[in-house]
Amino acid sequence: MAKVTANDLLERFQLELLSGEEGIHRSITTSDISRPGIEMAGFFTYYPAKRLQLLGRTELSFYKQLSPVDKEERMSKLCTYDTPGIIISRGLEVPPELLKASEKVGVPVLRSNITTTRLSSMLTNFLESQLAPTTAVHGVLVDIYGIGVLITGSSGVGKSETALDLVRRGHRLVADDSVEIRREHEDTLVGRSPELIQHLLEIRGLGIINVMTLFGAGAVRPFKRIALCVNLELWDQKKVYDRLGLSEDYLRIMNVDIPKLTIPVRPGRNLAVIIEVAAMNFRLKRLGINAAQQFSDRLNDVIEEGEQEF
């Protein structure tokens, strides 16, 4: 899980730092945003201090009606040593009591000109993306006809060579060798390349090549949602492979199941074309067109008709 601080928000959303510079590098550990409306009324029993606090027009309008003593009390309770930051939206004027309390405990106070609702949505999306669970998988990720295909298999089976052929056919490389995967939602996995090897492809006997330099910017993309896994394995004569496409297998990554196809590798098989067709067939299945199921249904109908004749 990546580390996110108020300083990252400062740079990302071009915020204005007003006070509490001492705590600008405090870690933000949750993507939940708190709008402390009930806290402005004095109820701090269940105050989520570890969340980012967002103050808008509603909270500050109520705050202005408080007595000077209550104002100081509310802001001193709002600013704790666990609070990662407080953001003021709409470019509103910041209460001096907040500036004083934030400096005392080192809580960064930031200000933005963006409306409260929109800012809350932007912050939540950014934090969910950055704080999402992360893992790394050995394989190649390619965007094929808009489908994120994760190509896996043992070392030397031909993953990178297949990816190179796919790039030559007009598809886009996301990552080679190591794929960093984030679970950004309950059922969404997004893969990207580590920065060190971004746009690079390693071909045995040839070495490392830069795909973007060779094929242009259209041959790469920074990230892609993973929708399908294609596992390459050396052909095993003793193993029975699926010939109809009715059986479904899945690869589980961080409790998310990804449809998985196993493609046996042997001389003479054009893996790039096979994976290309697999991606197109996957799209058809999502549209409700399943050729294997249609064939099975027709076959069953023929068998039933034959039984009725006898």
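Count begins at 1; order follows the chain as displayed.
Heads up, the Cβ atoms here are built off N, Cα and C, so glycines get one too.
Since this is a predicted model, take the numbers as computed values, not measurements.
Cβ contacts within 10 Å of His138 (active site), excluding its own Cβ and spanning all protein chains shown: 12. The active site annotation in Swiss-Prot covers His138 (among others).
Counted within 10 Å of its Cβ, the other Cβ atoms near Lys159 (active site) come to 25, all protein chains included. Sequence annotations record features per position, and here Swiss-Prot assigns active site to Lys159 (among others) based on similarity to another entry.
According to Swiss-Prot, the active site, proton acceptor annotation covers Asp177, on the basis of similarity to another entry. Within its own chain, Asp177 (active site, proton acceptor) has His138, Gly139, Val140, Ser160, Ile197, Glu202 as residues 6 or more apart in sequence whose C-beta sits under 8 angstroms from its own.
Listed in sequence order, there are no same-chain residues at least 6 apart in sequence whose CB falls under 8 Å from the CB of Arg243 (active site). According to DSSP, Arg243 (active site) sits in a coil region rather than a helix or strand. Here Swiss-Prot flags Arg243 (among others) as active site, drawing on similarity to another entry.
For the recorded site, Lys159 (active site), the DSSP three-state label reads helix. According to Swiss-Prot, the ATP binding site annotation covers Gly153, Ser154, Ser155, Gly156, Val157, Gly158, Lys159, Ser160.
The feature Mg(2+) binding site is assigned by Swiss-Prot to Ser160, Glu202. Around Ser160 (ATP binding site), taking its Cβ as the centre, 21 other Cβ atoms fall within 10 Å, counting all chains.
The annotation region 'Important for the catalytic mechanism of dephosphorylation' is assigned in Swiss-Prot to 264-269 on the grounds of similarity to another entry. Per-residue pLDDT, averaged across the region 'Important for the catalytic mechanism of dephosphorylation' (264-269), gives 84.
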Are there any residues at least 6 positions away along the chain from Gly153 (ATP binding site) with a Cβ closer than 8 Å to its Cβ? List them or say none. Gly139, Lys159, Asn231, Leu232, Glu233, Val265
To see if you understand the setup: which same-chain residues, six or more apart in sequence, place their Cβ under 8 Å from that of Gly158 (ATP binding site)? Leu232, Val265, Leu271
Not counting Gly153, Ser154, Ser155, Gly156, Val157, Gly158, Lys159, Ser160, residues with a CB within 8 A of the CB centroid of the ATP site are Leu232
Among the binding-site residues listed here, Ser154, Ser155, whose Cβ has the fewest other Cβ atoms inside 10 Å? Ser155
Listed in sequence order, residues with CB under 8 A of Gly156 (ATP binding site) and six or more positions away: Arg204
Can you tell me the three-state DSSP label for His138 (active site)? strand
